[in-house]
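Trainee: Before we start, here is the structure in question, set down as structure tokens.
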């Protein structure tokens, strides 16, 4: 999520500054309306997803008693959230990365929403719902989702007579065949800095980094599910079948544009970024389901997604929950977010929406979201975030960098990060099994 | 010249001064100092005291941490023990030491040579070249790191591509080279400002001394080595001290370059480790202890440098 905000902010730095001013001024004026005694409340909402303004406009027209005042987060605005909540100046609703939930919960920053939104479980896919529920308590409402699918270069596959792999075994064979045909071409990239890429593969394999066992956290960074994925990546790296390059760098996009990367197995929000950074490759990409372990399986992984939370200290929990329920489950709001914001929604209503099933010109007119929707429905409900997620993510980046430099193996990296994760949990006084 | 010019001024103001002697006279310096002292107290002293205070506490949680019974407990020097026991944090100091040993002498040597050249008669277009050398300092460090980041990256850098075309397989971002690539950015950025400090010190050396040396038959080189450099030794010590402090506090450049290479770890420099602990780990107490440790190390290093140079000058 940090990445996506960064990318958005890159184009919106100037706009962001003026919006910040707008946010401030409208904030003070709305307090006046709230104080006028007509029972109306004004909710402050900090978020970054595109299309939120349009959706909120509709809500505000229909709900004069619950007005929403939106502030668009750019750059490092997310870093202000903890301090704002701790000092009682937080907005009523905040969009954040799904991975951040537990670290905020243990710091008493999030309102337990089980009572208000607990019955929304059926509105979301099992994976999305599992992400916001910890120890049977719900702390957030899922907003968007990033299920994985295989984006592949149709022209390269055609040129070398390759077929799109459906299993990881076929994927490996395809990688070898491609390398043999063109030494400069790689089946994929290995990016130590993009942990989401790794997480998605582990998730597809029904793995996780953390878990809850009774009154204790478990660290699963190097469990069997992760080890199996590590083995696959180790083969790809050892046989020089993947291009080692950090993702999102100018070099990365240069490699993509040069046709050196034939497939990208990533999230539903990636195609928009691909189009923005590799516009010349329009019509040369296709989307297929991610390869799976065994033929017949439909399991898919998922990259980063975002949720909406209600910080502790807000007085308008009921109203905020009502707004969030509308925003993230009503067909009306979801259609706006999909159409105006190009959002890939977490709600099943959104997944079934006509607005989502539109042909994509960049992908030669293919209805790519059909593939992503199918993936969304098949992401295992296995992933659990832990309170030290951010540190662990930073640590595994550094360990994977050593793997990329051939200084250690994936298995060694996982062991190192698992030990680090346990250390960090214990140093906070938390129970670890 | 300046002293003679100052004499009448003093003479003119002295009667008024005498009249003003009293309470107001003694309060005046404090009134002028007040804005500085106020800001210093609020933005430097108070944060330091707060950091020291919070470094002795820890948030204690239990179970899953979801109960909400977070208590701030006094833990004595626990955070300091953890900070010093954190191998990543300690390794950052070692890395910066190695970096400093190479970068600081190189940069100061370059700044000194440039200052001596500009002070001598050999350089033409002096203002132009002086501005050119100084200009990189005007580029914010984040921007400098971004620019150099592009120049270090394969496929997008003309330098890397050019060298590859000539058969030199260079990688500026490899684990073994990235530290020196960072040092290069620092040299590029701060040589200019150090040159200016040294150059202005050279300008304030009385010209009569050079004339005397020339009459004694000393060449330009000998004058530079045995007269100019000893004369500006205090400025050299000052720039050396600032460079060491700057090295230990390195943050912007590696943090920015981390976005393009994974070979800069999250705790690459002491300041980055503090940032990681405080922001990503949410542990402001441990972060405070680490910051105090960093402050102490810088303090001790500065003290050592000052003592060493004082003794040396005393011996001379």
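Glycine residues also receive a Cβ, built from the backbone N, Cα and C atoms like all the rest.
The compositional bias 'Low complexity' annotation in TrEMBL covers B:1-13. The region 'Disordered' annotation in TrEMBL covers B:1-24. The transmembrane segment feature in TrEMBL is assigned to B:28-53, B:96-117, B:129-152, B:172-202, B:223-245, B:286-305. Here TrEMBL flags B:93-305 as domain 'ABC transmembrane type-1'.
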Trainee: Which residues of the same chain, at least 6 past either end of the transmembrane segment (B:286-305), have a Cβ under 8 Å from a Cβ in it?
Mentor: 48, 50-52, 54-55, 58, 79-80, 82-84, 86, 89, 93, 237, 240-241, 244-245, 248-249, 270-271, 273-274, 277-278
Trainee: Using a cut-off of under 8 Å between C-beta atoms, tell me which stretch among B:28-53, B:96-117, B:172-202, B:223-245 contacts the transmembrane segment (B:129-152) the most.
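Mentor: Counting Cβ pairs under 8 Å, the winner is B:172-202.
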Trainee: If contact means at least 3 Cβ pairs within less than 8 Å, sequence distance 6 or more, would you call the transmembrane segment (B:96-117) and the transmembrane segment (B:172-202) in contact?
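Mentor: These two stretches do touch.
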Trainee: Same-chain Cβ contacts of the transmembrane segment (B:28-53) under 8 Å, 6 or more residues past its ends?
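Mentor: Non-local partners: 288, 291-292, 295.
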Trainee: Do any residues of this chain, six or more beyond the ends of the transmembrane segment (B:223-245), have a C-beta under 8 angstroms from a C-beta of it, and if so which?
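Mentor: That would be 100, 103-104, 107-108, 111-112, 116, 119-120, 190, 194, 197-198, 201-202, 205, 209-210, 213-214, 298, 301-302, 305-306, 309, 313, 316.
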